[in-house]
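The block underneath contains the structure these notes are about, expressed in structure tokens.
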């Protein structure tokens, strides 16, 4: 306890809330309120309507949501497999530093540039992917692989080697040790990494906007298109749909995680 | 008796000789990364020195460097990133200090809220700010409502200040999370001892808490600096024609103008800037990690 007098503590808390609430809570409240409003030209929004949600859950918009979900699922799966594989294979080998560095690079490179590079590389034969959904998935996978790799290698470092040594000394082969000992022990960190990858991919805009074909429009692009043509309220409704979906998936993943930890 | 056979010994079986060295297993994921990330990056570099007419030259670099738009974008990118980093560090330090050392009811929930905040896309902040400070937003509505004026005074969203405000809002939690972890390591007794010896709050913060928090501040700050340099969604959503940053310039040149060589040149500059700062970040965190381990 840093501040002992009750009055001083109250003052500190007041200042804290005065900073925290407008800066962090207000954005969510405002977007949520706007998604229900017909007009907003005062302190409070005027007129309650569900029209924006009707628009945000029908036709185009629902396609965008499915697109985002599918992209996020595919990209997270790719990123988890590649990141985990690299972390497991590099563990204890001399290549570990190099592999770690290579897999951290996508974080340091601007996402827009990742998009541009895929555009430059796959707009020509032999791999002509420009204009397909595959290129969007690939971009997302590249961008989130670093997080998967980092989470898994950190978890591997903390893993007690006694378990796998015991299994190996009892005659289990490397594949069996991997499948029955290491991966189950890594399950909590794997699911945490999956949640993070999924959330990041759901909200990815920078690389997507460079690459998306007209028949594969993820939700963030849709939100941008709506606000760009001045339809702020439907943009807000779409954003709420995006946030709620991401949040629900994260919640489900953390449920799985707690169960995995308790087992 | 003689033909009693012992079961096959299961323990301490001799290790089979490995058919291939361990590092071979590393190759498939690295190859995958090479195809979808490293090779495309190399192509960007290659394209930046290959003008449309054929041949290879650095002419495109000279051309882009001579453009006022590029110089503006470079200056904007660096200034906004530096300002947003400084702002996030100050705000994040103050807020984390209160959550950790002047506990308030619901503080745990706040810390979890921060975790959720981190997983939302950045452009939501700009969208929200449009409703708060936009021409028909809350702040201006409040002003016109109380003073009767035709238009409110808040018109900074399309200027660098709007981008700065949005970035500080979005990136502060990235500073707070490592700070909260560092603050949890500080023994509260240390603070009590310092206080009982007569140190006042500012002095305790400066001499007891700040030295402990310095590594996390440095790491969080440089991470936020790199992320601010690369930020695209926030700048795009403000729709500010006057505020162009390097990533927005890459997008504009490639998608809106179809000038791939120019876009690649800007991209190369952007990559160099980000990588240099990211290298700095890694060195800092590595050194600090080493120092922490040495102390422990």
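Every residue gets a Cβ built from N, Cα and C, even glycine.
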**Annotated stretch (transmembrane segment, per TrEMBL) among the listed ranges B:116-136, B:179-199** = B:116-136
**Request:** Using TrEMBL as the reference, determine which range in B:51-77, B:78-104 is annotated transmembrane segment.
**Result:** B:78-104
**Complete:** Within the same chain, the residues 6 or more beyond the ends of the transmembrane segment (B:116-136) and with Cβ under 8 Å of it are 151-152, 154-157, 162, 165-166, 169-170, 173-174, 177, 231, 233-234, 236-238
**Item:** Close approaches to the transmembrane segment (B:156-176) from elsewhere in its chain (Cβ under 8 angstroms; 6 or more beyond its ends)
**Value:** 76, 79-80, 83-85, 87-89, 91-93, 95-96, 99, 114, 117-118, 122, 125-126, 129-130, 133-134, 217, 220-221, 223-224, 227-228, 231, 234-235, 238-243
**Prompt:** Can you find at least 3 Cβ pairs under 8 Å between the transmembrane segment (B:20-46) and the transmembrane segment (B:260-281), where each pair is 6 or more residues apart in sequence?
**Reply:** yes
**Message:** Given a Cβ distance threshold of under 8 angstroms, which distant residues of the chain, six or more beyond its ends, lie next to the transmembrane segment (B:78-104)?
**Reply:** 110-111, 160, 163-164, 167-168, 171-176, 179-180, 183-184, 186, 188, 191, 205, 209, 213, 217, 220-221, 224-225, 228-229, 231, 243, 245, 273
